[in-house]
Amino acid sequence: MEHLVDINDVESEEIEQLLDLAASMKENPGEFSGVMDNKSLVMLFAKPSTRTRLSFETGMTQLGGHGIFFEMGSSQLSRGEPISDVSQVMSRYEDAIMARLFEHDEMMELAENADVPVVNGLTDFLHPCQALTDMFTMQEKDRLDTLAFVGDGNNVAHSLMQASAKMGVDCRIATPEGMEPDEEIQDRVSDANVTVTNDPYEAVDGATAVYGDVFVSMGEEEQREEKLAEFDGFQIDQDLMDAARDDAIFMHCLPAHRGEEVTAEVADGPQSVIFDQAENRMHVQKAIVHTLVNQ
């Protein structure tokens, strides 16, 4: 595994090893406190973030390394410097690059020109760190069986489909008509137990984990009212949760908009694991960066 840009490029065995390492790092943090000593991770941001920056930066500190925040808007990138040049320069200074970008093509260009590992912190097409964290959280809660995602067939759904296919998870994606996942992703997982439906109750039936995401993604604010209308009937409320397995967990990549994609009763209820899930981002990402840098 040279980079983590796309889960499709990672073998199932490598994912299992990453999740095992993340579990060890979470359970015994002291054993890993110096494994990234004198190592640096540059964190390239084109999109605002809370969890991505905090989890990567704190994770590097816990491993004895250093995270460097780099905002594209205040750099020469905003004045037209090619991302391929920036990638090569960063490779001379840093031990790894994490990027949170809009365009997936830019992420691929970054990785293609880097001489150090590149980690995809998010693009509009994929969110691999989140999906691997979700597999870890389901495994930690003994719910790594059937995942129902209710929302937009976007980057999170794409990576969940791919991660589920790699891990043998029964994955159901419920979206309004016209918002289904990209056909390229559906083709990639066509041999796996991944289904797409326009009926949230069909998706949730018997699921061990029910997953929500925002109805209005970053950059879609002007379409807010239109998007909310299209998602009518897709809110995750207690009635929908009751259609899942009795011990199902509720997951969300955050930020959550209570009263839109999920009710407060569910988001803050006993089935919710959203803050365990948020914490686990840090541990899984520590495992990813450590593995890539020290392999």
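Glycine is treated like the rest: Cβ placed from N, Cα and C.
What you are looking at is a predicted structure, and each value in this text was computed from that prediction instead of being measured.
As annotated by Swiss-Prot, carbamoyl phosphate binding site applies to Ser49, Thr50, Arg51, Thr52, Gln76, Arg100, His127, Pro128, Cys129, Gln130, Cys253, Leu254, Arg281. For Asn155, Asp213, Ser217, Met218, the entry in Swiss-Prot reads L-ornithine binding site.
Here the features listed in Swiss-Prot are painted onto the structure.
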{"residue": "Ser49", "record": "carbamoyl phosphate binding site", "DSSP class": "coil"}
{"residue": "Gln76", "record": "carbamoyl phosphate binding site", "DSSP class": "helix"}
{"residue": "His127", "record": "carbamoyl phosphate binding site", "DSSP class": "coil"}
{"residue": "Asn155", "record": "L-ornithine binding site", "DSSP class": "helix"}
{"residue": "Asp213", "record": "L-ornithine binding site", "DSSP class": "coil"}
{"residue": "Met218", "record": "L-ornithine binding site", "DSSP class": "coil"}
{"residue": "Cys253", "record": "carbamoyl phosphate binding site", "DSSP class": "coil"}
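Binding-site extent for carbamoyl phosphate: residues Ser49, Thr50, Arg51, Thr52, Gln76, Arg100, His127, Pro128, Cys129, Gln130, Cys253, Leu254, Arg281, maximum pairwise Cα distance 31 Å (rounded to the nearest whole number).
Checking Cα-Cα distances from Asn155 (L-ornithine binding site) against the binding-site residues (Ser49, Gln76, His127, Cys129, Cys253) with a 10 Å cut-off leaves His127, in sequence order. Fewest Cβ neighbours within 10 Å among the binding-site residues Arg51, His127, Arg281: that distinction goes to Arg51. Neighbour counts of Cβ atoms within 10 Å were compared for the binding-site residues Ser49, Gln76, Asn155, and the top value is held by Asn155. Residue with the densest Cβ environment among the binding-site residues Cys129, Met218: Cys129, by other Cβ atoms within 10 Å. For Gln76 (carbamoyl phosphate binding site), the nearest of the binding-site residues Asp213, Ser217, Met218 in terms of C-alpha separation is Met218.
Working note on the binding-site residues Asp213, Ser217: by count of other C-beta atoms within 10 Å of each C-beta, Asp213 ranks first.
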